[in-house]
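Undergrad: The structure follows.
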Amino acid sequence: KKKGKTKKLKQKIKPDEAPVQEMEQAEIEVTENKSESGACFPPTFSVSEIKNKQRRHAMFLKLKEEKRKQKLELKKKKKKERKALGDQAPPKEVPKTIENQRIYDETTVNPEDEEVAFDEGTDEFSAYFNRLTNPKVLITTSDRPRGRTVRFCEQLATMIPHAHVYYRRGLALKRVIPQCISRGFTYLMVINEDRKVPNGLVLCHLPDGPTAHFKVSSVRLRKEMKRRGKDPTEHVPEVILNNFTTRLGHSIGRMFAALFPHDPQFVGRQVATFHNQRDFIFFRFHRYIFKNEKKVGIQELGPRFTLKLRSLQKGTFDSKFGEYEWVHKRHEMDSSRRKFHL
């Protein structure tokens, strides 16, 4: 038997060209319709039903883009309607936020109240507001501070007039406070740190208190800020206190105001702002310039940080036998998110 190689015959099958052309035309029409109307989804469509993760993510992005376009078109339509109506257009709806839906607090301070005026005349800060004393601040840290905390203290000293930075060297605060009083300091500011990051601030008014403990977050030093201005000058800055409306907030605001000298120097054009919103106190330090009668240029100098009040104690710092006016209870849940303390 002779072994021969068998050649396989390749049969070229020629399908009908007409059905293929019809299919291609149908696909082109579908893609054109999709491109004109955007991604079309059925009303009962749910992205979570897609099992493939990549397809699910891609479909979610398409759905999100579709909603964004619909929202933009609706906004443009309303704008055209308002422009067509002119003066007869209905007033704009005010968006509901936690801040404007805030529940009224009974301890809200009325500046014209006689009882409030009497308390202001007899509290621990009355000597400062009557211009009998000038502020002098000592800034110190916890034991063995790291570089970021040290730089933060130095920048605070350049911002607060008559502020001096000293290192603890292992001394307890009960021993530091009598030394501060004997040397004429009116404030003791202690910056605590955790994992090389400033996380706490103890502010003690001398000689009779009170003492406030704050949580510190979102610290930004000057080198970390974009488009910052030159370093602050030695001029006394202006102080702005926003939204310290309750009794507790009023006392905290007076404590911040007593950090700076009473008479600001407007030549320096520097402003220190304490803005209270939802019990978070945001601090900013700016320099301003008047461009014309209507426009003002603002330049941030730094540093910036956020404070959250943890406790307010009567008298000077005493962790064991101190009497507390107010303590933040973490697990005490209010009946509403719109209720605040400051």
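Yeah, the Cβs are placed from backbone N, Cα and C, and that goes for glycine too.
Keep in mind that this is a model prediction, so the values were computed, not measured.
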Undergrad: Region 'Disordered' per TrEMBL sits at which of 50-71, 72-93, 94-115?
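TA: Comparing 50-71, 72-93, 94-115 with TrEMBL, region 'Disordered' matches 72-93.
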Undergrad: Could you pull the average pLDDT for the domain 'Brix' (135-318)?
TA: 92
Undergrad: With DSSP as the yardstick, break the region 'Disordered' (72-93) down into helix, strand and coil residue counts.
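TA: Secondary-structure composition of the region 'Disordered' (72-93): 17 helix, 0 strand, 5 coil.
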